[in-house]
Amino acid sequence: METDDQYYRAIKKIKEAAEASNRAYLTSSKLADMLGISQQSASRIIIDLEKNGYITRTVTKRGQILNITEKGLDVLYTEFADLSRILAIKNNVVITGTVTSGMGEGRYYVARKQYIIQFQEKLGIIPYLGTLNIKVDQASLPELRKIRGFRGIHIEGFKTEDRTFGSVKAFPAKIQNIPCFVIMPERTVYTDVIEIISDKYLREEINLHDGDRVSVEVYT
């Protein structure tokens, strides 16, 4: 197993080779040249990256295709978020998407007393018991990945007799100038849907229906 630094450098080089996409034709020899290491070490890194879910690998007649997974991209976006925090760079983002209905899970989770107390203490709101779900446009997925890399406002998880409720992170946001918060699990879940909480029933407040297109400004 290679070091985390070698993982990061390898994923970064693969992304550089891929440019705008997340896939690149890249031999282990070429990656070795890019990293300044032996071909054997580069081959081992590629195998480790694939085994640990950071990339997928396909061999074709044209050569080897390395595709960076969401887990691999998270390595880069987390590094970006850490550098932004260290350098005090603000990275507010705008995400566009479509209003969609969930399975009612948002209401169940938001209604937990242990969460509500923290929402009031840390976010300054007692939320409407439900979430507004937005299916993120393909073009906004890089912005969603960027948000996932940031720490946000920590909401502590807890246990009950029946189950465990995980920690959550929240980000201040606005939708049509109405303050709200984007919430997501601290344990990364790869989904193209974001959940929004507010002290208002946003569907009624903004007259939103499934299929409506919206933009959400998120403050990291």
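In case you wondered, yes, glycine gets a Cβ from its N, Cα and C as well.
Record features (Swiss-Prot):
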- Gly102, Met103, Gly104, Glu105, Gly106, Arg107, Lys200, Tyr201, Leu202, Arg203: CDP binding site (BINDING)
- Thr131, Asn133: Mg(2+) binding site (BINDING)
- Thr188, Glu195: FMN binding site (BINDING)
- 1-92: region 'H-T-H motif-like' (REGION)
- 93-220: region 'Riboflavin kinase' (REGION)
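Features as recorded by Swiss-Prot, highlighted on the structure.
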residue: Gly102; record: CDP binding site; Cβ neighbours (10 Å): 13
residue: Gly104; record: CDP binding site; Cβ neighbours (10 Å): 9
residue: Gly106; record: CDP binding site; Cβ neighbours (10 Å): 19
residue: Thr131; record: Mg(2+) binding site; Cβ neighbours (10 Å): 25
residue: Asn133; record: Mg(2+) binding site; Cβ neighbours (10 Å): 19
residue: Thr188; record: FMN binding site; Cβ neighbours (10 Å): 13
residue: Glu195; record: FMN binding site; Cβ neighbours (10 Å): 21
residue: Lys200; record: CDP binding site; Cβ neighbours (10 Å): 16
residue: Leu202; record: CDP binding site; Cβ neighbours (10 Å): 22
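The secondary structure of Gly106 (CDP binding site), as reduced to three states from DSSP, is helical. On the 0 to 100 pLDDT scale, the region 'Riboflavin kinase' (93-220) averages 94 in this prediction.
Mapped onto DSSP helix, strand and coil, the region 'H-T-H motif-like' (1-92) counts 53 helix, 15 strand, 24 coil. The closest partner of Lys200 (CDP binding site) among the binding-site residues, by CA position, is Thr131; the full candidate set was Thr131, Asn133, Thr188.
Straight-line distance linking the Cα atoms of Thr188 (FMN binding site) and Gly104 (CDP binding site), rounded to a whole number, equals 20 Å.
Note on the region 'Riboflavin kinase' (93-220): DSSP counts are 33 helix, 47 strand, 48 coil. A straight line from the CA of Leu202 (CDP binding site) to the CA of Thr131 (Mg(2+) binding site) spans 9 Å. Among the residues Gly102, Met103, Gly104, Glu105, Gly106, Arg107, Lys200, Tyr201, Leu202, Arg203 said to bind CDP, no two Cα atoms are farther apart than 20 Å.
Spacing of Gly104 (CDP binding site) relative to Thr131 (Mg(2+) binding site) is 9 Å (Cα to Cα, whole number).
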